[in-house]
Amino acid sequence: MTVDHEQLSQLLKVYFIMGSPNCLQKPEEVLKEAIAGGITLFQFREKGTGALKGTEKAELGKKLLAICRENQIPFIVNDDIDLALQLDADGVHIGQEDEPVEIVRKKIGNKILGVSAHSIEEAQAAIESGADYLGLGPIYPTKTKQDTRAVQGLSLIKDLRENGITIPFIGIGGINASNARQVVKAGADGVSVITAISHAASVSEAVNELKKQVLL
Ligand SMILES: Cc1ncc(COP(=O)(O)OP(=O)(O)O)c(N)n1
Ligand SMILES: Cc1nc(C(=O)O)sc1CCOP(=O)(O)O
Ligand SMILES: [Mg+2]
């Protein structure tokens with residue numbers, strides 16, 4: 001899947017990330033409701049306490065991919081490059097502790113490649129090595145991921161734009177409908193969200209509310 005900056009910027013508006021440990025109901029149902037609410041991109045992140053492994057993980061990925069395909073929502077796999085290739089996903093997301101960006105780029109060809117960055121230096125290195133978009137976080141405190149870097153607030157987002165970085169990027173970590181607008185106003189193309197969507201009483205309404213906030 002080849003996408004230019006403008007298409008990617010649109011795909012990143014409401015980027016839902018989820019795996020079975022994040023769900024209060026069946027992941028397939030959560031994803032369907034999130035799509036009905038208007039998510040623009042989905043990442044399968046099967047990680048954390050109770051996460052599925054091996055064949056069970058691949059089977060769930062296959063089901064979630066099928067739902068995304070039926071609804072024309074691009075499907076990104078977190079960390080697991082082999083699974084992304086096996087499923088023929090639309091892209092992968094990797095962090096600073098995962099495989100090096102150049103190697104992943106060679107493995108996945110022109111699939112979408114997202115890379116986490118926590119400083120201007122990491123952002124520039126990721127771009128030079130072939131990233132299509134960046135994930136910046138944690139913007140706010142989060143309980144979903146234990147091993148995050150320090151909370152960034154909006155400063156990194158502003159710094160990147162002020163330093164001429166034009167690649168699309170999202171903010172991640174503790175983002176919900178009450179703070180999403182300021183993330184986009186600071187310069188992010190969109191927001192990546194786990195809990196504020198997956199734990200919502202109404203998943204589709206939560207997405208809808210986020211979407212209103214990010215479409216300035
Ligand atoms: C869109 C997006 N941004 C950041 C991350 C975090 O990636 P990483 O730092 O590799 O941490 P894990 O998610 O692998 O625990 C992400 N997954 N997606
Ligand atoms: C997966 C992830 N990565 C982060 C980072 O800072 O890179 S924060 C995070 C968890 C985001 O979950 P929630 O929306 O529930 O706060
Ligand atoms: Mg990772």
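Including glycine, each Cβ sits where the backbone N, Cα and C put it.
Just so you know, TrEMBL annotations never went through curation; they're auto-generated.
Binding site for 4-amino-2-methyl-5-(diphosphooxymethyl)pyrimidine per TrEMBL: Q43, F44, R45, E46, K47, S116, K145, plus N78 from the candidate set N71, N78, N176, N179. Close contacts with ligand 1, defined as a Cβ under 6 Å from any of its atoms, occur at S116 among the binding-site residues F44, E46, S116. Proximity of the binding-site residues (F44, D79, D98, S116) to ligand 2: a Cβ under 6 Å from the molecule is found for S116.
Most Cβ neighbours within 10 Å, among the binding-site residues R45, K47, K145: R45 holds that distinction in the structure as shown.
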